[in-house]
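The feature heme b binding site is assigned by Swiss-Prot to H63, H92, with similarity to another entry given as support. Positions annotated as domain 'Globin' by Swiss-Prot: 2-146. Residues or ranges marked as N-acetylvaline by Swiss-Prot: V1. For S44, the entry in Swiss-Prot reads phosphoserine. Residues or ranges marked as N6-acetyllysine in Swiss-Prot (evidence: similarity to another entry): K59, K82, K144. The feature S-nitrosocysteine is assigned by Swiss-Prot to C93, with similarity to another entry given as support.
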Amino acid sequence: VHLSGEEKTALATLWGKNVADEVGGEALGRLLVVYPWTQRFFDSFGDLSSASALMSNAKVKAHGKKVLDSFSEGLKHLDDLKGTFSSLSELHCDKLHVDPENFRLLGNMLVLVMAHHLGKDFTPAAQAAYQKVVAGVANALAHKYH
């Protein structure tokens, strides 16, 4: 992902606000609510019967944090996202059989939830930078698909 110096600064500044704990679970929860067919990958997570159950589900929140921790690692390696996410791409392709379109959908949810949490600090320029990164991460996660 090619980012300008300004974009890299915006990413680092906003990521430094420590919203990852809240944002990951909320983004994953919203994905599961808005795109209910994605729930099939999480049948071991317990009650996914309603929006309320999804948004308060401890396993959804924990997995969302895990996703954001991986995303955070990607922010450290923007020049090698495919290498950074290679093993996760293989896992999601070969073992979990996740439709790679779901990565793009989750990235969009992440941007929306960050905008909600960060308010006016999430400027249009910051949004554009995050859109570039989530698109790059989605592409990297889809890399091992045949």
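Placement of Cβ uses the backbone N, Cα and C atoms for every residue, glycine included.
Not measured: the values here are computed from a predicted model.
Swiss-Prot feature annotations superimposed on the structure.
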{"residue": "V1", "record": "N-acetylvaline", "DSSP (3 states)": "coil"}
{"residue": "S44", "record": "phosphoserine", "DSSP (3 states)": "helix"}
{"residue": "K59", "record": "N6-acetyllysine", "DSSP (3 states)": "helix"}
{"residue": "K82", "record": "N6-acetyllysine", "DSSP (3 states)": "helix"}
{"residue": "H92", "record": "heme b binding site", "DSSP (3 states)": "helix"}
{"residue": "K144", "record": "N6-acetyllysine", "DSSP (3 states)": "coil"}
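When the alpha carbons of K82 (N6-acetyllysine) and K144 (N6-acetyllysine) are compared, the span between them is 9 angstrom.
Taking only the Cα positions, the spacing between the residue listed as 'phosphoserine' and C93 (S-nitrosocysteine) is 19 angstrom.
Each residue contributes its Cα atom, and for H92 (heme b binding site) and K144 (N6-acetyllysine) those atoms are 9 Å apart. Rounded to a whole value, the Cα-Cα separation of the residue listed as 'S-nitrosocysteine' and K144 (N6-acetyllysine) is 7 Å. Mean model confidence for the domain 'Globin' (2-146) is a pLDDT of 89.
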